[in-house]
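Taken straight from TrEMBL:
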type     : residues                                           : note
ACT_SITE : 36                                                 : active site, proton acceptor
ACT_SITE : 176                                                : active site, proton donor
BINDING  : 9, 67, 143, 144, 145, 146, 176, 177, 178, 198, 199 : substrate binding site
BINDING  : 34, 36, 67, 176                                    : divalent metal cation binding site
Ligand code: DX5
Ligand code: ZN
């Protein structure tokens, strides 16, 4: 049984106060901090790089779940490993060499995770499922926080659950985008067990917001 984990996305936090924001997250019972890296090329928006992740690292004991929305992520793996990433997610659409790039993450001592956009079928990652600790199914088009959840992505989670079972594999299934106390239940029913939430967590008291997600998962 893959246990449920909440991954608040720091993309919706106060960028001038990461230290305080990370300390607050530590009190919520969330397991991960989701860190969105955007390059202005693979996605239209630019967020922050490995230097910022390294600066955050001493201020949190939570698992750093780094989501690289960058072209050719294989060029940046060592930097994020050195910065203190525990999990590195890279997009199947962002490189011609997803297999080798995932191996590179493992070789750097970090847990590899592969991501698919809403328009990308599960088929695109079928041949690398044996290399990963996590598959991230985007539930919005990547680039910005605060977008609406796309329910049509749930079928892909169901497909992944079957593939995991049939092939005797053991990876977590993460969802990212538009997760709130309603949609978290839809993703859980489909078979996801790691839930990223940005705007929903940071729009109020982070501890109370995370508690509503945990309640919805336990309902
Ligand atoms: C979107 C990012 C998400 C983002 C989610 O491109 O990958 O992690 O922070 O934000 P919400 O939860 O507001 O949809
Ligand atoms: Zn993300």
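Heads up, the Cβ atoms here are built off N, Cα and C, so glycines get one too.
Predicted automatically and left uncurated, TrEMBL annotations should be read as such.
As the structure is a computational prediction, the values presented were derived from the model and not from experiment.
DSSP gives residue 145 (substrate binding site) a coil state; it is part of no helix or strand. Taking only the Cα positions, the spacing between residue 178 (substrate binding site) and residue 67 (divalent metal cation binding site) is 16 angstrom. In this structure, of the binding-site residues 143, 145, 178, the smallest number of CB atoms within 10 A of the CB marks 143. Proximity to ligand 2 at the level of Cβ atoms, with a cut-off under 6 angstroms, picks out 67, 176 from the recorded positions 67, 143, 176. Long-range Cβ neighbours of residue 199 (substrate binding site) (same chain, at least 6 residues apart, Cβ-Cβ under 8 Å): 12, 145, 146. Put simply, residue 36 (active site, proton acceptor) is 7 Å from residue 9 (substrate binding site) when counted between their Cα atoms. Counting every protein chain shown, the number of other Cβ atoms lying within 10 Å of the Cβ of residue 34 (divalent metal cation binding site) is 29. With respect to residue 67 (divalent metal cation binding site), the closest of these recorded positions in Cα terms is 36, chosen from 36, 143, 176. In this view, residue 9 (substrate binding site) is surrounded by 24 other Cβ atoms within 10 Å of its Cβ, with every protein chain counted. The substrate site, placed at the center of the C-beta atoms of 9, 67, 143, 144, 145, 146, 176, 177, 178, 198, 199, has further neighbours from the same chain whose C-beta lies within 8 angstroms: 11, 12, 36, 140, 142, 147, 196.
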